[in-house]
Every structure is written in structure tokens, then in C-alpha cells.
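Written out below as C-alpha cells is the structure these notes cover.
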Amino acid sequence: MQVLPPSSTGGPSRLFIMRPVATTLLMVAILLAGIIGYRALPVSALPEVDYPTIQVVTLYPGASPDVMTSAVTAPLERQFGQMSGLKQMSSQSSGGASVITLQFQLTLPLDVAEQEVQAAINAATNLLPSDLPNPPVYSKVNPADPPIMTLAVTSTAMPMTQVEDMVETRVAQKISQISGVGLVTLSGGQRPAVRVKLNAQAIAALGLTSETVRTAITGANVNSAKGSLDGPSRAVTLSANDQMQSAEEYRQLIIAYQNGAPIRLGDVATVEQGAENSWLGAWANKEQAIVMNVQRQPGANIISTADSIRQMLPQLTESLPKSVKVTVLSDRTTNIRASVDDTQFELMMAIALVVMIIYLFLRNIPATIIPGVAVPLSLIGTFAVMVFLDFSINNLTLMALTIATGFVVDDAIVVIENISRYIEKGEKPLAAALKGAGEIGFTIISLTFSLIAVLIPLLFMGDIVGRLFREFAITLAVAILISAVVSLTLTPMMCARMLSQESLRKQNRFSRASEKMFDRIIAAYGRGLAKVLNHPWLTLSVALSTLLLSVLLWVFIPKGFFPVQDNGIIQGTLQAPQSSSFANMAQRQRQVADVILQDPAVQSLTSFVGVDGTNPSLNSARLQINLKPLDERDDRVQKVIARLQTAVDKVPGVDLFLQPTQDLTIDTQVSRTQYQFTLQATSLDALSTWVPQLMEKLQQLPQISDVSSDWQDKGLVAYVNVDRDSASRLGISMADVDNALYNAFGQRLISTIYTQANQYRVVLEHNTENTPGLAALDTIRLTSSDGGVVPLSSIAKIEQRFAPLSINHLDQFPVTTISFNVPDNYSLGDAVQAIMDTEKTLNLPVDITTQFQGSTLAFQSALGSTVWLIVAAVVAMYIVLGILYESFIHPITILSTLPTAGVGALLALMIAGSELDVIAIIGIILLIGIVKKNAIMMIDFALAAEREQGMSPRDAIYQACLLRFRPILMTTLAALLGALPLMLSTGVGAELRRPLGIGMVGGLIVSQVLTLFTTPVIYLLFDRLALWTKSRFARHEEEA
């Protein structure tokens, strides 16, 4: 078990020490590359995470949830279910809309997934309803990358249909052309259309039916090829007046003749310009608006993209009528800028604190300048590598660099301290640099590679969390590697040129006082260490106690997934009684908007009512509440949410569910709350039996709050029970009945108007102003086989029933989603365990399954892999240390320091009231890499003293501890002060950074105190064990 002796001639550092110009120019090159890389790097909130999710939306106005499920969703699901690489498929079928969300494996390229989805849609086309207005439309959805900006377009003079047309054809297209913009979606649903509202009494009096009118309109408005004439000398293209463009033209359309007199559409219907869907609407601060959500392209710089949009807005506004106003409702870059700025400030603060601690220990300005140059050079040089790896400047990479501040200075400190020691003994600076750098080179390599080894398991973390922290781990590893290079090249070269006996011995009042203080501390430590070495078993029992305590703390500490951030945006869902109408829901959202906008923390509000790809039913509304910047409001987002919910509770007939928008969103569907739990069955009847029972139990749990379910089975249905025998005698088919109902009440899209700029629809419906409710069914007329007009009431009875407002599937089976939040005094781990315990008490049938979804599922996965992740980090470090030391024993001595770090980190988190979440776990893994450096520095010098000076193991480890006490204390304090700004952060994004800082500071404090005493004892214990093992082997060999 021999360690290779370090070279006294400078080793790999010799070339750089002897060639200062070349070394300086090399470092300048690294600096310039880093500066250029910094300017080229995009800025974002979190690393780029491509979450391969595709959403397929099919609209079929007028269709019930049951029809949408059986006629649209099911055929598509059967085709999608055959695709390879599909991880999960969920669907939501509501009145007139089917939304299928396809989540693929992370390893499947999104382009391949798109091709498979398109092929599946093509295969299902023949199975879909023939009168489907438009084929299914698919779009890429990245839940981890929400819109960067939300705009509202309003007008005080123009109707919203014209505003929507203007936004779609002019504003949205211009914004889409901006570099970095990926997708612009519109909400508000006010697309222009010609609406034909039939007068049921008028057409009945004339002996007509709605089907007669529909056939006349579709035949009168066509747009198809007509050919051309090709003569001997010229060619003539054929054209005709087959298109009708305006409501006035449709009014004049002759639909029938009676007694030789024409009957025009205007005689039996109100024909007007209106909206394609009158049951959709969006509002911005209570003013009706068209809302635009702008998403960026993958990899685009979110800051520059948002700046480009803002620069274009004045030009766009000038090109619009004066009554049209474009307003920025939310801009994610405001918080991203603030968060990145705060993190950069914390990085600068960490550098300043580290340099300060260096001066405190070295008490010499030239000696302080050297690491003061090495630290920023290592960090800046990292930016150059980040560019080549397609990384970005985000909260996690900046956190990595902030943490790296304490890491990278370690190498420089160890080199400077060792070289200074030889200079103080009287050697020339150049000789001291060569000797000191050569002697310490192996230690630097050990520190570097053992620390990088800890980060390796992070690269193999699965799912989206692994993708997220890959940039963090690699950025930190690159900074550490560059630091090692700088410490073995630039640092010894600068020591040889800048340090001297005179400068090191030059003292002032502060240096003399601090020197005396350090001498007393070292003397006290020496006395304490001597006593500890005399009582090894007591010390060993303390070490074992820390191991036991760390396990107990791990078991009992509250556990979470990801810190809840305050990004200044709140997503909300407003729920009203089932079967609430659009008008009723619009009125309720106005009442709620009045309450919300009175809150002093609220800056703006966007609300949406109606059924579309994200809103499942008319009795729910979506809200986006944009808060004032953090420095302009008194409370953080959770307090604002609590206050708003209390205020809205006073509005009768509505339930409000709010959750803060997060940079990391794993949920693929719009959710009412932060966490979801699903109940899946083979039939809707089974769900109707068990959902109420489970909900009743869950609502009694103190560990969860805001419990709600998307199971709504009390939607009013007017069931038309047709007497088939009577209908058959009259020559009336079920298709005739369905067509008549669809024409009257389905907002049926019956024709298309083509223009040079866009396409618009003709909508057919009955005018129900004078016959509201079920009375409108009495006006339906059908045509019998002999041409007579038959009232629907003569062949059918109307029954009122209840049915689900939406039918949801998970992997093709019925499912309901239960949403919940976690109260402040409980953790997500508590909530998950309570739900699982409750589920067991119900004794659910075998055909009913439960599963957590979204963030909760990711939490379970992360929690299950955390222990293995830490074990992998320890094993990786053991392997690296074993290779470096050519020993099975010494790595164990070094790794014995780890429980102390775990105890400190977990205690600090509990005292601070923080959960053990993913960020805190990353901090603990980093601690594994940091705290072992104390042992490495002790053992390196102890082994060298035993080998070169013939010291006994006890004397060697004792002298090594005293000799390395100062650099150990310096490096630990440097790492601690590097993490301190993260622990104390209070600005935007502080929730993300604070757990990392808390865990690292706590772990470093406890490990620093304990490992200075436990490591020497364990070193001697294993040394005796090695001698005993050798003697046993030797005895066996002699006996053999």
C-alpha cells in the first residue's frame, strides 16, 4: 500500500513555473474564451428540458361527452396505443371537445413522435364522424416550458370578432416571425363567422325544416375548381360567383319556393356577423379581450426573445386602429432577470467572502491576490465549455458556479499554503514553488477527481429530474477541473514571482493579532487531539453515534419534491355548480374578478370561460393572476393565495383553486392544485361508486387541503327517447332526428367562406330567445316520407337525466383525478403516506387502481432513488480513492467523515423548517465530496511522514493534523462562505437556492468540528487492523 512519492522538482507544474509568459498567455486565452462564451450563452430560468409530449385536440361542436368519447376519442386512442415509445396516454372528452395528451419516453426524439402521431391520426380518419368540421390537430407541448409572455388585445370601439381577426392575421403572425418565438396561441374564441339563427315558428308555418335550410346554404356557397379553356391562341380560366361573403348575401339566399314566390333565408332566420363560438370568452382585468400566449423555441434566449417582442409592440400598435390596445399582462423574463441577477449577486458575494477569508488566514496581500485571480478565472473559463455543451445561464448553473467558488479556491489555498511554508523556512521562492507544487500535486489530483466522482451519479439520474440537474453537475465538474489546472499551473507560477520571505514575514498589527489567535487555536486543537487519541473508543463511539443519528434524521425529516417558487404568477380554476351556463359562468367570473383585483398584491388578471383544449366544461373558468414584482409587495405568493381564497369564499356558488406557477412543471394537463392522485376503473359505474367514498375519506385528512375531483356526473341531460316504430312508419330515421337537433342546438358549422386572408365559417342554430330551456325542443320539426312536417314531440318523449360533464381516460380506461395541496405544517411525504393509508382502509376492488401523477409521481420516483444515488456517490468516490491510493483501507478512513456531514445537513434543514427535497439532496451529495478533503489532506501528509521520516502512525497523523489544520480550516470556511449567500438569499428564486445553502452550511459546520478528531482515530484504528491482518496472513504462510 505504497503511495507514489511526490516529485520535488515541480512535477507537472515545472513547465508552467519556468515559463511564466506562456502560462500567462494561456490563462488569458481561457479568460477571453470564457468572456466570449458568457456573452453567447442564452438565459433561462432552468436548463432546457425537452419533455416529449404531444396534445391532440379534436373539436366537434354540439357533441355530448359520451359521443365525443365513443366517436372521436376511442378510435384515436386505439391507434395511438399502438405507437412505440409511448409512456402514458390520457384523454378528456367533454361537450364538443376531445383532448388527448401523449407522453413519450424521454429517449424518444420529438420529431419521431410527431411522425408516429400523424400516422396514427391518418389511420383513424375513416373511423371518425364524417361531419367532423376539422380533422384532429396535434401540437407539441412542453409542460416544463410555460409561455414566456401573455398579451391582451382589447378595443373600446370594435367588436371582438374584428379584433380577433386582426390579431390572428396581423399581430400573431408578426410576433411569430420574431427570432426565438416558437408558438403563439390565442384564447377568447371570437373568430368571425356568419351566424344563421332560424325562427322555428316561421319555418314551421312555411312547412320547412332546418335540414332544408342547411342543404340550401351548403349548396349555395362552394369554392371548388372549375377548369379552364385552352383555345388555339389563348387560355381562359373559369370562375364563378359561387361564394357568398357577407351576412347580407346570405339573407338574400332563396331557400325554397311556395306558390311560385321565393322564400329567402332572411324571411325565416336572423342572419348576422358574429362569433364562430358564442360560448367562449376571455377577459383581461374585467375587459373582454383576445389573449395571446407566446412560447419560445427550444434553446432560444428567453431574455432576448422577450426584448424583441417588446421592441416590436410599438410598431404593431401604430399599425392597428386607435381603439385597439395591446397590453403585456405577464412577462416571465421579469422574474427570470431578477432571479438571475440575484444569483449573480450571490456569486459575486461568495467570491468576495472567499477572498476575505483567504486574507484573514494568509494576512498577506500578494498571497491573497493569487487565489483572488484563480477563483474568477476558473469560473469564467467554465462559460467557454458551457457554450460547446449547449448549456444556458440559469438558476441551476449559476448555483453550481456559486457553490464552486468554495470548491475551486481549495486547490489554490492548498498550493499557496504549502509553498509559503517552504518560503518561510528560508527557501528561494522559485525553489519553494517547484518543491511545494510537486509535493502537493498528488493531493490536488486526489481532491479534484474524488470530488468529480461524487457528481457522476447525478448524470445518471432518471426522468426529468436527471435532465434538469445534468447541467448543474457538469458545470460544477468543469469548474473544479479548470480550478485544478489553474492551481497546478498559474498558482505556483504566481507564487514563484509574487511571494518572498520579506512579504510573508511583513506583519502589521492585524496580522500579528491574527497569528497569535491562530497559534492559540492550533495549540488548543493539539491538546484536544492528544486527549482524543488517548481515548480512541470513546471517539469511535461518537463517530458511530453520528452514523446512527444521520439514519434516524433521514427517516423522520419531512420530505418534499421541489421547492415551491414565487414567480409572481398564480394559476387558478373557478368551479361553479354543474350544468351552469356560459352566461351564468361569465357573470360569476366577473364577480370573482372584482374581488381579486382589489388585492394590493395583484397587478392584473386574465380569465377564460368556455370549452376548449384546456378547459373541460362550461361550469369551470381558468384564471391567471399576475402579481406585482416581489420588491413591490409585502407578501409572498402563498400568503397572497391564502388571502385571495378567503376573499373569494364570500362569493356564493363558486369554489376557487389556486396554485403558484412554477419554472418546473411536470404535469401534462391543467390541474386545479399542485398535486394529483388518480383513481382508475374499467367502467364509469365503478368510478361513480368509489369516487364519493374516497373523496369523503380524503377530505377528512389533515395532511392535505383543497381536495377536489374532476368527477362531475350530475350534468343535466335532456334525453330524447324516440319511439322507433312510430318514426319508422313516418319514414323518419334516427339520422334525421340527430340532424334536426344538431341543426338547432349544436352551433353547427355548415359552410366555409374563403377569403384572401383567412377562412370563416357559417354557423346554423335555432333562435331560442323566445323559447328558453327544454321548451325549445317543442319547436323541432322533421320531414316525413310523404313530405309532411312532423313535430318531434309526436314521436319522442323528453326525459331529464344526469350524465358526466366530461369523461376522462388514462391509457384507454376511465379515470378520475383527485387534486390536493399540502398545508404548511405538513410535507408532501406526509400527504403521500396519509393517502396510501386511507386507500388501504377502503379495500378497493381489484379492478380499481390508484396512482399518483405529475409532481407527486416524480416525488415518489426521486425518493425511491435518493438512497441509491447517495450510495452510488459514495461507491464512486471509494473507487477513485482506492485507485489513487492503491489501498482498500485508506478510502474507508476518508469516507468515515461522511456521516458527520449528513447529520449537520439534516439538522440544519430541520431547524430552518425546510423539507428534504431534491435541491437539499443535491447539497448532501456535494457535501460527500467536500468533507472528505479534510481526511485526504491529513492522510496524505501522514503517509508521507511515515514513509520519508520514519514516524510512527500516531506521531505521523498527529503532526499531519497540526500541520494541515490551517489549510483545512481555510478550505472549509471558503466552502462554507461560498454556500452562505445561497442560505441567506431572500430575492426572486430564493426558494430554489436556500435548501442547497442550508444543507451545505450545516453539514460543513458539524463535519469540520467532528472530523478533526474522528479521522485521526479511525486512521490509527485501520492502521492497527492492517497490521493485524498482515500478521495473520504471515502466520498462515509460515504454518503452510
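Just so it is clear, glycine is given a Cβ too, placed from its N, Cα and C backbone atoms.
Annotated features, as they stand in Swiss-Prot:
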{"type": "TRANSMEM", "residues": "15-37", "note": "transmembrane segment"}
{"type": "TRANSMEM", "residues": "345-362", "note": "transmembrane segment"}
{"type": "TRANSMEM", "residues": "367-389", "note": "transmembrane segment"}
{"type": "TRANSMEM", "residues": "396-418", "note": "transmembrane segment"}
{"type": "TRANSMEM", "residues": "438-460", "note": "transmembrane segment"}
{"type": "TRANSMEM", "residues": "472-494", "note": "transmembrane segment"}
{"type": "TRANSMEM", "residues": "535-557", "note": "transmembrane segment"}
{"type": "TRANSMEM", "residues": "867-889", "note": "transmembrane segment"}
{"type": "TRANSMEM", "residues": "909-931", "note": "transmembrane segment"}
{"type": "TRANSMEM", "residues": "968-990", "note": "transmembrane segment"}
{"type": "TRANSMEM", "residues": "1000-1022", "note": "transmembrane segment"}
Top stretch among 15-37, 909-931, 968-990 for CB pairs under 8 A with the transmembrane segment (438-460)?
909-931
Is the transmembrane segment (15-37) packed against any residues at least 6 beyond its ends, judged by a Cβ distance under 8 Å, and which are they?
377, 379-387, 430, 433-434, 437, 482, 486, 488-490, 492-493, 496-497
Are the transmembrane segment (909-931) and the transmembrane segment (345-362) close enough to be called in contact, which here means at least 3 C-beta pairs under 8 A that are separated by 6 or more residues?
no
Six or more residues beyond either end and a Cβ under 8 Å away: which residues meet both conditions relative to the transmembrane segment (367-389)?
27, 30-31, 33-38, 40-41, 347, 351, 354-355, 358-359, 397, 401, 404-405, 408-409, 411-413, 416, 420, 471, 474-475, 478-479, 482-483, 486-487, 490-491, 494-495, 498-499, 503-504
Are there residues at least six beyond either end of the transmembrane segment (867-889) with Cβ under 8 Å to its Cβ atoms? List them, or say none.
1-3, 442, 445-446, 449-450, 453-454, 456-458, 460-461, 895, 898, 921, 924-925, 928-929, 932, 936, 939, 1022, 1025-1026
Range from 345-362, 472-494, 535-557 with most C-beta pairs under 8 A to the transmembrane segment (396-418)
472-494
